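Inspection log for the structure reproduced underneath, given as structure tokens.
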Amino acid sequence: MISLNEAGIVLSGDRASEKMLGEIPQGLHNTMALTSLAIWYISSGATLFSNKFILSSFGGEALSLGTNQLVVSVISGFIQLQIMNRLYPNSHRKEQSIQTVLRDMLFIGAFRCVTVVLGLLSLKYIAVSFVSTIKSSSPLFTVILSRIMTGEKTGHWTKLSMLPITFGLALCSSFELSFNIRGFVCALGTNVFECLQNVYSKLLISGERYRYTAAELQFWASLVACGFQLPLLLYNVDIISSLYKTSTTLLFMYIFNGLCYHIQSVSAYAVMAYVSPITHSVANTVKRAVLIWLSVLIFHNPVTLLSGFGTIIVIFGVILYNEARDLEKKTTEQSTLITWRVI
């Protein structure tokens, strides 16, 4: 079985896998970790920018693009699983029935489908930099959803870190030249469903009955999401007409985009193998900041002074959030240790 310990390091019950993972040096002070981080950043940028180019410059459809991403991810994930099974056979692992897997993946597949569609629709209406800014505010939605779904309480420092995120997002929205209510709602919806997807993913990866590996989760979630996506595509898009209108260039762009989407997901898990979740979250925040300003340079989006200032405030608030969560975790661990000693 494969699980995550408190530091975010992958653990394995299989000896061969355990040996392989145990030899991986932790932290970003080695070549492989930095390579994985670079691949994650580059593939994320390539996915985001190719999304915008396909929707804006090539006349692509959001539903067609979303379905393409999921289908390519399914194919790539299946090939990856076959290769991993051959390189690291895990014969001691209990097999899950198809019915059980589909039941486990029902919600996460639905959430992934909605996340992909809303994310692409938001790019259709508003600038890439504004979409990335809204996505950077995901800790705000994580705190709210964790409170509603699991009853998890947050400390005072974490609550205070929500203030600059909320203020910065409001500032960006008020002075963003590309502001569109439909795009804004879609981007906010992307954050909500992405957070829901992360909660269920964590439950499946660290479940007591059966623990899915990252590769399994990626493959099955994309497969189930395709099941939700295809009826939407067939209902809203004339498939035959779209195929005739798809140029060779657009076809290659679809394939390139789908591969980048898959590599982005896999490399994000690879980085997690080297660092703690807190460091991973900070790295994700830095990635968002880089993508925001790259999108401004590439697409020449006009940005007002107050909108740019709001973006900086959002990023600063997310960094404060990560530090606050890290501080609360250390305080909780120390309190537990003191209690144990007293007992």
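Think of each number as a place in line: the chain as shown, counted from 1.
From the backbone N, Cα and C atoms, a Cβ is placed for every residue, glycine too.
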Can you identify, from 70-88, 184-202, the stretch that TrEMBL calls transmembrane segment? 70-88
Transmembrane segment according to TrEMBL, located in which of 28-50, 258-280: 28-50
Same-chain residues at least 6 beyond the ends of the transmembrane segment (28-50) with CB under 8 Å of its CB atoms are 128, 132, 253, 256-257, 260-261, 263-264, 267-268, 270-271, 273-275, 279, 283, 287, 290-291, 294-295, 298
Tertiary contacts of the transmembrane segment (291-321), as residues 6+ beyond its ends and Cβ separation under 8 Å: 44-45, 48-49, 52, 127-130, 132-133, 136-137, 139, 158, 160-178, 281-282, 285
Looking only at residues six or more beyond either end of the transmembrane segment (100-121), which have a C-beta under 8 A from one in the stretch? 51, 55, 62-63, 65-66, 69-70, 131, 182-183, 186-187, 189-190, 193-194, 196-197, 200-201, 204, 210, 212, 217, 220-229, 232
Go through the chain and flag residues at least 6 beyond the ends of the transmembrane segment (217-237) whose CB is under 8 A from any CB in it; none is fine as an answer. 61, 63-64, 66-67, 70-71, 73-74, 77-78, 80-81, 101-102, 104-106, 108-110, 112-113, 116-117, 197, 201, 204-205, 262, 265-266, 269
With Cβ-Cβ distances below 8 Å as the criterion, list the same-chain residues six or more beyond the ends of the transmembrane segment (70-88) that contact it, or say none. 14, 16-17, 20, 112-113, 116, 215-216, 218-219, 222-223, 225-226, 229, 255, 257-259, 261-262, 265-266
